[in-house]
Amino acid sequence: MDEYSSIYSQPKTPRLKQEGFPDSIGDQHEKALIDENGEEDKKMASTEGTTGDSRSTPLTVSIPTFENVQALPTPMTYTPLSPGNLSMSPIDQSSLNIPKRRSHARLLDDMLSVTQPNQRVVSELIAPANLSPQRVVSLPTVTEEALVNDSVDSDNYTKEPYFPESSSSTEKCDDDIFQGFLLDHWDRPLLWKKVRPIGSGNFSTVLLYELMDQSNPKLKQVAVKRLKYPEELSNVEQINTSLRYKETLSRLENSLTRELQVLKSLNHPCIVKLLGINNPIFVTSKKPLCDLIIKTPRALPPCDMIMSYCPAGDLLAAVMARNGRLEAWLIQRIFTEVVLAVKYLHENSIIHRDLKLENILLKYSFDDINSFRDSPIYCKQNFIELADFGLCKKIENNEMCTARCGSEDYVSPEILMGVPYDGHLSDTWALGVILYSLFEDRLPFDPPPNASARQRSRATSHRIARFDWRWYRLSDYKTNVGKQIVENTLTRKNQRWSINEIYESPFVKTIADTLSFS
C-alpha cells in the first residue's frame, strides 16, 4: 500500500445531520470526492511510474457547491451579497458637511463686492434653487410657529392705515429713487437715491441710499434691506391649491413679522436701528403678506427695511484686511460692545441665534478707532452695531427652542444634535467662537494648522460635537483673561457661562465700566 492509499484508508469522520439541509447532500459530496480520488490515483500512479517522485503531485481539495439547496439561513447583518429583498438601514440625507464658506486668501475688494462668499449653513429649509449658495437666513420650523389658516380671506386680516401707490409693484422698487416712511410717520413719505449695493444673501439684498432733500443729517445715508422671496412663492395663483405654498408663505411671514417687531422694540447703541419701511402694512399688520396678496394678486410686493448704516463694513472683512493681526485692546473693546448688545437682548427675553463676525458691523474703521483712544469720544461713542435679526426669537422664561438654525461654524453642539436647546446658551457659545476667532485668526473648529488629510476630511460638525478645539497663538499665554471666557463658553451646556457671567468677567467688566453710552 503506497502513501496515498494509506491516506484514503483512514477511518472516515462520522457524518453529522445538519438542520435545514437535504439528507442527500452529504452522499453526493462523498460520491464526488471518491470519483475524484479514483481519477487522481490513476494519474499519480502514472506519474510515479515515469518520474519516481511521489511528491510532485499535490492533493486536490474538493469544495461542495450545494446545487440542491433551495434556501440559506437568513444573514444576521446586511452585506453586499445578501438577498436584494432585505431591508437596509435608511441613509441620512441631512449631512452637515457643507463646503467651506470662506478663504483666507480672499482679497478685500472681493469681500466688499456684491457677491458674498459661500457660507456653511445649518437650516431645516433648503435654499431656493435659483439663488446663489450663500448663507441661508433660514426660517424657523413649524414646531415653533403656527401656520396661517388654510384659506386666505380678506376678512381675517387687518387693514393697513395707509397704502402707498409707489410701492405697490416690484418694478417700481427697482428704480434708483426709493420712497419710504419713517416709523410712526406714515403721512410723510421720504425719497432716497440709490448709491450702490452693499451686500447680498439668499433672502435679502442690502443697498446704500442717500436722502434726496438732506433735511435730516441723521438720515443722510441709510442701508435698505430688500427681502427676496423664495421660489415657492413666485406663483401666487397656487395660493388656494398648494399646501407647500401656504406653509412657505406662513414661515416667511412669521419670520418677517417677528424680525420687524423685535427690531422696532429695540433701543440700544450697539444694535442696528430699524428707521422705517417702504410700506407701513409690514409693521402694522399681523399678516402683511396675506393682506398684500389680496391687493396685488399677481405678485408679492417688495419689502424694504430702512436701517442704520455702518460705513466701515462687517467685522470679518475688517479683520481679514488686517490679516488677523488685531491689538489686544481693540479685541477687548469690540468684544465688550458685542457682549453689551447680547446682554441687552437677553434681558429683554430675545435670543439672536445668528451671532457671528459677519453680523457685527463697524461704524468706524480700525484706524479711526485707534485715533479716538486719547480723546473723550473713545468712551462716549459706540463702535459696532449688531445686525441681522432674521433668526431672532422672543421667548418665555425657561422656554426651550427646537429650530435648527444658524451658521455651522458658530452653532452649539445641542443644535447640531437636534435636541431642544436653551437659546441664551447657544448665543454665549457663539460669543466664545467670536472671541476665539479674534484671538487666533481662525475659527475654533476649522482643521488645525498643518492638519493631515484625514483630519481635514472630518466635518466641522464632528469637531463641534466632540468639543475638539485648542489654543495655538495663545497656548503660551497662561494669564490671558480673555481665554477664560472662551474656555467657559466652548464647553458643555451645563457648564457654559451665561451672558451675565461673561459680562462680570474682568476682560469685559473693566472696559464696560468706563463706557458712558451703555
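Glycine is treated like the rest: Cβ placed from N, Cα and C.
Among the candidates Lys220, Lys225, Lys246, the residue that Swiss-Prot annotates alongside Ile198, Gly199, Ser200, Gly201, Asn202, Phe203, Ser204, Thr205, Val206 as binding ATP is Lys225.
Checking Ser132, Ser412 against Swiss-Prot, you find phosphoserine recorded for Ser132.
Among the binding-site residues Ser200, Asn202, Val206, none has a Cα sitting within 10 Å of the Cα of Asp354 (active site, proton acceptor). In this entry, ATP is bound by Ile198, Gly199, Ser200, Gly201, Asn202, Phe203, Ser204, Thr205, Val206, Lys225, whose most widely separated C-alpha atoms sit 14 angstrom apart. Shown in sequence order, Arg226, Lys228 are the same-chain residues outside Ile198, Gly199, Ser200, Gly201, Asn202, Phe203, Ser204, Thr205, Val206, Lys225 whose Cβ sits within 8 Å of the Cβ centre of the ATP site. Cβ neighbour count for Ser204 (ATP binding site) (all protein chains, 10 Å cutoff from its Cβ): 18.
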